[in-house]
Amino acid sequence: MTKIKVIVADDSAFMRKVISDILTNDPTIEVVARARNGMECLEKVKELQPDVVTLDVEMPILDGLATLERLMVEHPLPVVMLSSLTKEGADATLKALELGAFDFIGKPSGPISLDIHKVGTQLVEIVKEAAAAKGRIRHKQIAPMARAPVKKPLIEPKKKLLQTEKTSEHLPTPTKESMGLQHTELPDKSGTKVVFLGTSTGGPRALQTLLTQIPAFFPAPILIVQHMPPGFTKSLAQRLDSLCQITVKEASDGEEVKAGIAYIAPGGYHMEATQPSGGKIIITLHQEAPRGGHRPSVDVLFESASKLTHTRQWAVILTGMGADGTAGLRQMKESHHVVGLIEDQSSCVVFGMPRAAIQAGLADHIVPLDHMAETLVRLVT
């Protein structure tokens, strides 16, 4: 059996040892080298050609971001970032994802985390998924989030621009083949329109691609669960809001959802859509036990959607590990006529969540990421 070769880069000798021990406890992983700083990491990558690198954000001589940027140019391969759970750590992590990092792990208690074992299982899973994605890591395919989206927005970009035109006048008529259409029924023509979306690994970049193509006059709120720790989701929402025509914000407990706004569930909180008075849709946040290891959980959001009345619903599942969202989407479909839009394997960083929904027979549309926005806008408007 060929083992997954990993280089661990961290300026703390303690962290290098603990991370290495966590990884090598799995029989499929071999730590082939440890690096104390970015320059040493680059040298060892060139020499040993690993499958995956784990990279600390804060390192001397050459920090994690500078090291990552050079790796993506000189030796493109999957990189898993380890970051402190702070505002600065969140900003640096989002920058790392822009530069091409595969995913990240938050250190539970700062740069030297004595309790790093708490995320050991998650780290091993991410390293395995990263190794499986190795062949898809190419520097020329990496477009930083801060730049223009890969696909031109459906209307000319002008932040929060008010428009009265219909999107359908600007879009080509999609075919069953181009949209991945499997069922042709759409929701009834009455009721409040709501979009629910779940994603995990690869999600920040996928959300940028999708949301930057949604026009300002989009006639539905978008409720989003992105698997992230506390603090990271606020930075993500602020960054996306600066790029999008619609408003993107971190959700607040008790707020009424409005069309043309995307609400991202805060890390560490489940988000539900509720109708306490039977009419307006209100966001409810709570800290009940994680579902399948996740809080926020896509299943929790989707299951809450199944209890809403007088609504027209669309559910989107994008790239991510595991199967979060499948059980919730099944419950939505049992309670309502909901249209499921699932990202196609060709554009997924990790096909886990989309694959689970497709295999469960819950996909109405299987769509590459670059066409997801136009498909969603076509259906909702």
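The first residue you see is number 1, and the count goes up from there.
Positions of Cβ are set from backbone N, Cα and C atoms, glycine also.
Marked as domain 'Response regulatory' by TrEMBL: 5-122. Mapped onto DSSP classes, the domain 'Response regulatory' (5-122) shows 54 helix, 28 strand, 36 coil.
Marked as 4-aspartylphosphate by TrEMBL: D56.
Look at TrEMBL and you will find 164-185 tagged as region 'Disordered'.
What TrEMBL records for 188-381 is domain 'CheB-type methylesterase'. Over the domain 'CheB-type methylesterase' (188-381) the predicted model carries a mean pLDDT of 96.
If you look up TrEMBL, you'll see S200 (among others) marked as active site. Shown in sequence order, Q226, H227, H294, T319, G320, M321, G322, D324, V350, G352, M353 are the residues of the chain, 6+ apart in sequence, with a C-beta less than 8 angstroms from the C-beta of S200 (active site).
Over all protein chains present, the Cβ of H227 (active site) has 26 other Cβ atoms lying within 10 Å. Sequence annotations record features per position, and here TrEMBL assigns active site to H227 (among others).
Sequence annotations record features per position, and here TrEMBL assigns active site to D324 (among others). Under the DSSP three-state reduction, D324 (active site) is assigned to coil, being neither helix nor strand.
For the recorded site, H227 (active site), the DSSP three-state label reads coil.
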